[in-house]
Amino acid sequence: MADLHGCCHPCATCLLCLYSCQWITAKKRNGLRTTKCDCSWFLFLFCVFLFTLVWLYFTIIILNDFHNFNEFIFKQRKLWLDWSLVLLIGTAVLITYSAVLLVLALCLQLCGQPLKLHWLHKTLLILTALVVAAAFTGLGIKWAEEWRSASISLQATGPFLHIGIVGGMTLLAWPLASFIYHTRNTGLKVFILLVYCTVMIALYLAPLGITSPCIMEKNQLPPKPALVGHRGAPMLAPENTLMSLRKAVDCDVQVFETDVMVSADGVPFLMHDEELTRTTNVQAVFPERAALNSTAFNWTDLQQLDAGSWFLERRPFPTVQSLSAGDRDQVTKQRIPSLEQVLEAAKQSNISIMFDLRPENHSDYQSFVNATLEVILHSGIPLQQVLWLPDGFREQVKQQAPGVQQIYGRKRLQNEEPLLHVNLPYQDMSSEEIRQYRQDNIFVNLYVVNQPWLFSVLWCSGVSSVTTNACQVLKEMKYPIWLLPSSTYLMIWIVVDCTSFLAILWAFLLLK
């Protein structure tokens, strides 16, 4: 190997010690060479780092929907834990480990030192690759819609990822130039150089294929989407309670989204889960009936349940820790509200209410519809403030309450009269479809949107409203965080590509 290129002997020794897990003195280093096997392991290390980096990106994306995963695990195991913390910590450990090893390898290459990866590192790298592969496999099997979430995220991050990758490949030119000039294998030199040049040319031309709804001028930006509170403001108060509705109103939410069930004695009330165990203390009050469907309880029994203390005990969102003493006191006083109580609160607050009627497969579902309609019609709330989601007996609802707004949970069909309102998962509509619906004056609400990056993409696309858990966060956004004028992006593209080309050229000339 060549002499040290600006590296002191102690530094080279420490780097090699960490990489090879053994103390190799300067005298021993003189007889060491980087073999083809060592190069293969370096290539494997680089691939594992990229693989783990991609998983980190996916981890950040799926955080938007992770509360659904926490709820799913609770329903299956009756165990509440914020699994997003486990995911983030595990991913951080894997990416940090592979990144440190890669940096060590690159520094050793720049110092002209041999790459002798220890068998322990090799084993851990293989395990890292297997863990990440298992994570991707599990995601594809159990949570396939998140692939579409990643596709949406690339619309926002594409221009910025392009700039970052070009910068990373430019920095890689320095150790690569060192390797090319100090290896004697001509075939390997030509192969590596061709691969690197091909990748860089592709990166230089990549912006020609990058499309992002947020590459536009400020004066072209559609109006900010209205906010629909998912079960109220569940990050600030227990979901589906009157306190949650009030907090949603404070966040300038225009619609309170909820779920309605009907008690055994015919009283419609707010509840999402079919069982009461997650959001009440039913196991303490009625332990022998805790596993029963919510509709099996009469209204008197339901009013005995505490619907708020679980919020402080389980802390479904990190925001629970920042609640004031007054809010904590209010949380403990929450009870399951009836639909009548919620309609009265909505009428006083001038906020609309959108709800689904559950469970859809219940044998008495038609009686549930009748009981719900009766409460709505007797509440005195303007019917245009009621947004009806259930598909069952929709025609009956139109006849008995023609003023109620009908919201459809599907896209419009061919040769069908245009729907006025649609309510869909955000993964189910592309930016092009959102723009088309907007041109056709169809009100589009997408759910559940919690992260500012996702809200920004949908805002730029022109969505009418979004259902969110994080109304207090999205309320404060004045502009999309990814908004980038096309002229600015073009200038950045040219500057980054030219700077990168000059840096790569300088690296090869300097290290020659």
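Just so you know, the numbers here start at 1 and follow the chain as drawn.
Glycine too: its Cβ is placed from the backbone N, Cα and C atoms.
Features as listed in TrEMBL:
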- 41-63: transmembrane segment (TRANSMEM)
- 83-111: transmembrane segment (TRANSMEM)
- 123-141: transmembrane segment (TRANSMEM)
- 161-181: transmembrane segment (TRANSMEM)
- 188-210: transmembrane segment (TRANSMEM)
- 225-478: domain 'GP-PDE' (DOMAIN)
- 490-511: transmembrane segment (TRANSMEM)
> Between the transmembrane segment (41-63) and the transmembrane segment (161-181), do 3 or more CB pairs sit under 8 angstroms, pairs being 6 or more residues apart?
Replying inline: no
>> Could you check whether the transmembrane segment (41-63) and the transmembrane segment (123-141) come into contact, where contact means at least 3 Cβ pairs under 8 Å with the two residues of each pair 6 or more apart in sequence?
In response: yes
>> Give the mean pLDDT for the domain 'GP-PDE' (225-478) on the 0 to 100 scale.
In response: 96
